[in-house]
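TrEMBL has this to say about the protein:
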type	residues	note
BINDING	61, 62, 89, 90, 91, 92, 145, 174, 177, 199, 229, 257	pyridoxal 5'-phosphate binding site
DOMAIN	46-301	domain 'Aminotransferase class V'
MOD_RES	200	N6-(pyridoxal phosphate)lysine
Ligand SMILES: *Cc1c(COP(=O)(O)O)cnc(C)c1O
């Protein structure tokens, strides 16, 4: 939680308490609630590399994913598939399957999932591009996560988008773990649409408000299909005209009056990010921290290189407690995350290590059945945190 988020939320509680509904229009701190999102859109656009009008701050990630898919996933008998990574975040899997069903399609046929090669944990760019070359004409929508939540792989967004567009596919991105984590250039990369939440690397608060991007080239073509008053032009919104007149672009897709407390909290965190210089310096710091944590973890006596796991555990049946790192070793293919896979898989070691780490004050993220994600977040973690993190992983393994 940023100090600024806390202060801004408290300020808005104060305005609510003193002004009530009037705060929508007349706000003692010059943040009238009806136009609060105008303060957020420019900062958010900077985070994802978009023009201000290509970004909307609205709703929640999965809702935005459905809204965008409803506009952009238009299967035909020849071109109907959704290409995505295997083991995508479950909410996305549910969304893909339900969107396919809504078009009368069998999800097992419509959804094309790419898995890593045998003995590998992450997808190879060449395999993704080859699939697009081979099957592109039957793919309606390419939708990967920018940074994969489980493995931490940062997909090559630019090259996948380029290939998808060459093949005539729509290309969308789920940036839940990428926004605020890695530098993005959605406009320049010619991405069609993207959605993200703000409560991971953007620290907006649990369940905070989400974001959506639609490239401006779509402004005249994709109009909001599920209209709501917040998508209506601000100038006449409160005159309550009977006919919907949407804001041009993705902001026309807004439906409801957003939670001001969620907006205030996000504003605090985005202003903090802005003060730190936005994504380039933050990424530099992130590279340092993640690199340092990786180096320390690899010095552990329990560390097993990913290339040896198959031989040692699957073929030779070792039962020695250990861990490997399944996140790509190449810094340009990852953000501020290392996913530790505890070995042997299915042995329950991960759960024990996770609870010991918590007792030492190391808050990682447990991913059943065998992974702990450690994310040295550059806005608030230090090198000392990385040293402690690695030291306590070692201690927790010693205690097994
Ligand atoms: C966190 C996350 C979600 C969660 O979506 P909400 O609708 O905000 O609950 C969905 N997809 C991905 C890839 C995520 O990382």
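Yeah, the Cβs are placed from backbone N, Cα and C, and that goes for glycine too.
In this structure, the C-alpha atom of the residue listed as 'N6-(pyridoxal phosphate)lysine' lies 14 angstrom from that of residue 89 (pyridoxal 5'-phosphate binding site). Classification of residue 89 (pyridoxal 5'-phosphate binding site) by DSSP places it in coil, neither helical nor stranded. DSSP classifies residue 177 (pyridoxal 5'-phosphate binding site) as coil under the three-state reduction. Ranked by how many other Cβ atoms sit within 10 Å of their Cβ, the recorded positions 177, 200 place 200 at the bottom. Highest Cβ count within 10 Å among the binding-site residues 89, 229: 89.
Following the DSSP three-state reduction, the secondary structure of residue 200 (N6-(pyridoxal phosphate)lysine) is coil.
Of the listed binding-site residues, namely 61, 91, 145, the sparsest CB environment within 10 A is found at 91. Mean predicted confidence for the domain 'Aminotransferase class V' (46-301): the pLDDT average there is 97.
When every Cα pair among 61, 62, 89, 90, 91, 92, 145, 174, 177, 199, 229, 257 is compared, the largest distance found for this pyridoxal 5'-phosphate site is 31 Å.
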